[in-house]
Amino acid sequence: MAKKKFSKDWIHQHINDPYVKLAQQKGYRARAAFKLIEILEVEKLLKKGDVVVDLGSAPGSWSQVVRERLAGPGGVVDGRIIALDLLPMEPIAGVEFFQGDFRDDEVLHELERRVGNHAVDLVISDMAPNLSGVGVADSARIQHVCDLALEFSCAHLKPNGVLIVKAFHGSGFSQIVQSFKQRFKRVVERKPKASRDKSSETFLVARDLKDPVLNQTTE
């Protein structure tokens, strides 16, 4: 009975969520689009010509936002967007999507092959592992996903590149923040208005690598 009530409450909340309604009006595939929009505006990120990697992209709302901001004359993308997710994603014009598990070495190598020698301006990650409800196990899964995004970013970002990653408050969060601060000069925490009040999610915005692998002139 409690589970059924929870389901009804969630449906009621979802239907009456202003961001759900706004996403439908704007044509975004998910309300999460507004989380990224706010972060990009506050941090003054993303310009035409940028190379962006979207990790955990399905259903595609973040890629939609990036595409809008990189669109030039005629709606053609001025830049590059590479998206990856474990789940399938309906095509978005100008977005290079492929399906796979980012935790799989073969998938990671394929992503790196697609990026090639192009230095990345922005990595965005809305990835979240399946949670079991067991605190220690869930914290380890969350940290692992964040670490993977961090390592990829450190290897492929421009020196002044930026990583936006979803994390969750709780056990292990401080360790995630510390690992980001060891690699980036500036790390801030953002809780967009579109994040639900009861959610423990937060977004880390890390910029300016301390020890960049790629040269600024790499294209």
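Easy rule for this one: first residue shown is 1, then count along the chain.
From the backbone N, Cα and C atoms, a Cβ is placed for every residue, glycine too.
Using a 10 Å radius centred on the Cβ of ASP126 (S-adenosyl-L-methionine binding site) and all shown protein chains, the other Cβ atoms total 21. According to its DSSP assignment, ASP126 (S-adenosyl-L-methionine binding site) is coil. What Swiss-Prot lists as S-adenosyl-L-methionine binding site is GLY60, TRP62, ASP85, ASP101, ASP126, and the listing cites sequence analysis.
Under the heading active site, proton acceptor, Swiss-Prot lists LYS166. LYS166 (active site, proton acceptor) is surrounded by 22 other CB atoms, counting those within 10 A of its CB over all protein chains shown.
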Tertiary neighbours of ASP101 (S-adenosyl-L-methionine binding site) (same chain, Cβ under 8 Å, six or more apart): LEU86, VAL107
Maximum Cα-Cα separation in Å among residues GLY60, TRP62, ASP85, ASP101, ASP126, which the record lists as binding S-adenosyl-L-methionine: 18
Residue among the binding-site residues TRP62, ASP85 whose Cβ has the most other Cβ atoms within 10 Å: TRP62
Rounded distance in angstrom between the Cα atoms of GLY60 (S-adenosyl-L-methionine binding site) and LYS166 (active site, proton acceptor): 16
Coarse DSSP state, helix versus strand versus coil, of ASP101 (S-adenosyl-L-methionine binding site): coil
